[in-house]
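Colleague: Before anything else, here's the structure in question.
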Amino acid sequence: MGIMDQFLQQLINGISLGSIYALIALGYTMVYGIIKLINFAHGDIYMVGAYIGFFCITIMNWPVLPALLVSMLLTGILGMLIERFAYRPLRSAPRISVLITAIGVSFFLEYTMMYFVTPQPRTFPSLLDDAAYHIGPFIINNQQIMIFAITIILMAILTYIVQYTKVGKAMRAVSFDTETAQLMGINSNRIISVTFGIGSALAAAAGVLVGIYYNSIDPLMGIMPGLKAFVAAVLGGIGILPGAAAGGIILGIIEALVSGFISSTFRDAAAFAILILVLLFKPSGLLGKNTNEKV
Amino acid sequence: MAIMLKLDDINVFYGAIHAIKGISLEVDQGEIVTLIGANGAGKSTTLRTVSGLLKPKTGTISFEDKTISGQPAHKIVEYGISQVPEGRRIFANMTVMENLELGAYIRTDKNGIKSDLERVFKHFPRLAERKKQEAGTLSGGEQQMLAMGRALMSSPRLLLLDEPSMGLAPLLIKEIFEIIKDINKAGTTILLVEQNANMALSIANRAYVLETGKITLSGDAKELSASEDVRKAYLGG
Ligand SMILES: Nc1ncnc2c1ncn2[C@@H]1O[C@H](COP(=O)(O)OP(=O)(O)OP(=O)(O)O)[C@@H](O)[C@H]1O
Ligand SMILES: [Mg+2]
């Protein structure tokens, strides 16, 4: 393979991986935008989503799409429950208490899952045949096509909700100024709950897609992608939706290029080097304004 | 006339700070009542307690004979009370139209919303020209108009205004106060908080003077503006 072909191939791989990061990062950034919480349990929510999808496919024998939708629904509800019982009671508590609680929720999800599903990795059934297509200079396989398609559809739906629906406008209002949003008659608690629901559902979709892409899931699978998605959210500008999407894709591409051209051992280091560089040179992120625009 | 809003011996605290010390006041239906006082007297605190952003420690607030104190802010809007907060607090990253839509958040009557939107554009033609503009790029006066228009979109029976004159040029203040009078004439009762006591007393029916959390004077607006004490303390002689 020529170096150009290899570059293009890593680009495809990077966009696939980056789509997953982007879906997780969107939830991170939405939750941060609305209650200024770095929800460290978000990566574990993604893991739970992957397991729900796994059981739908293996035990219930469902095809991918219903499994994906049911996983998104149930994981969305889980996210809302976590918000209701772990975070809402701390609404007026110091930020650090909520952060520590988020870490607690993260461990709780990881070890509860280990108890019920064992720490052993599970093999995700391969649902699509491994056919690959040559499109111009690119080689793209079924799994990748599915990841692109689902990511684009979900992002389009999210954009529609946030920009044009009543609940989406309420989400933006609560993010911008919770108190004034309440003066409009917006029940901010309900909107925060919906935000957790949507963010968690997107993470669940990422979890199921990763299962299909890498064929393996385990109860600690959320830790690394959770951190990476956090980096992606910061890279794009935390609290900014298009920033999270762009940050995820960029991070995925950088990781793929680093593993392809340097060594895959430097992959993770590259991600965190980016975090440090962003924090040093543009803490508000690529799309961040100084005026701190949110959601 | 029927009493619309009644505060009965309200006490409000910020932690240990006793900001409102036993305030009682009334607003009758159809009136413009103003609450004047120096910086830090507790004017905003009083309004924020009526709109539910703050809870009184003791005392009750009733609106149209229903007790509303203790209800969350988003519920109080549904009773028919709308607040224009101090400093406008428009949603700067949204368009003028989106701000107005959020004002009508609690409503589902499409036709009513449409006619109220027309009413807002009649009061504030400048907003109509700027529907699609991002609200943060409006001038200070336009932002005040937007904050008022947004509050009117819930079709309130009682409008709470917190310092609508703040930071505006004298000519614009006159314009805004004319509009407040128009809004009142069209049937909305108004409780107006102002530091600009001259202007406030000139359009109000009645007034209350607030000093460090207590009401020290109250009465007919014309009589108050003629009173020696008020002139000295608030009207610059
Ligand atoms: N969030 C807060 N925490 C603690 N104290 C507060 C808070 N908000 C207001 N106060 C105090 O309560 C008192 C009343 O404040 P308030 O904002 O109601 O005054 P105001 O009459 O509206 O003044 P201004 O004309 O400057 O707007 C002041 O002493 C103020 O310092
Ligand atoms: Mg004030």
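Each Cβ is built from the backbone N, Cα and C atoms, and glycine gets one as well.
Those TrEMBL annotations? Automatic predictions, nothing curated.
Per TrEMBL, the features are:
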| type | residues | note |
| --- | --- | --- |
| TRANSMEM | A:20-38 | transmembrane segment |
| TRANSMEM | A:45-62 | transmembrane segment |
| TRANSMEM | A:98-118 | transmembrane segment |
| TRANSMEM | A:138-162 | transmembrane segment |
| TRANSMEM | A:191-214 | transmembrane segment |
| TRANSMEM | A:229-257 | transmembrane segment |
| TRANSMEM | A:269-288 | transmembrane segment |
Colleague: Check the transmembrane segment (A:229-257) against each of A:20-38, A:45-62, A:138-162, A:191-214 and return whichever range has the most CB pairs under 8 Å.
Modeller: A:20-38
Colleague: Residues sitting near the transmembrane segment (A:45-62): Cβ under 8 Å, six or more positions beyond its termini, same chain?
Modeller: 24, 27, 68, 70-72, 74-75, 78-79, 82, 109-110, 113, 117, 122, 124-125, 127, 200-201, 203-208, 210-211, 217, 219-222, 225-226
Colleague: With a Cβ cut-off under 8 Å, give me the same-chain residues at least six positions beyond the ends of the transmembrane segment (A:138-162) that come close to it.
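Modeller: Residues packing against the transmembrane segment (A:138-162) from afar: 8-9, 11-13, 15-16, 19-20, 22-23, 26, 64, 68, 128-132, 168, 171-172, 198, 202, 205, 209, 212-213, 241, 245, 295.
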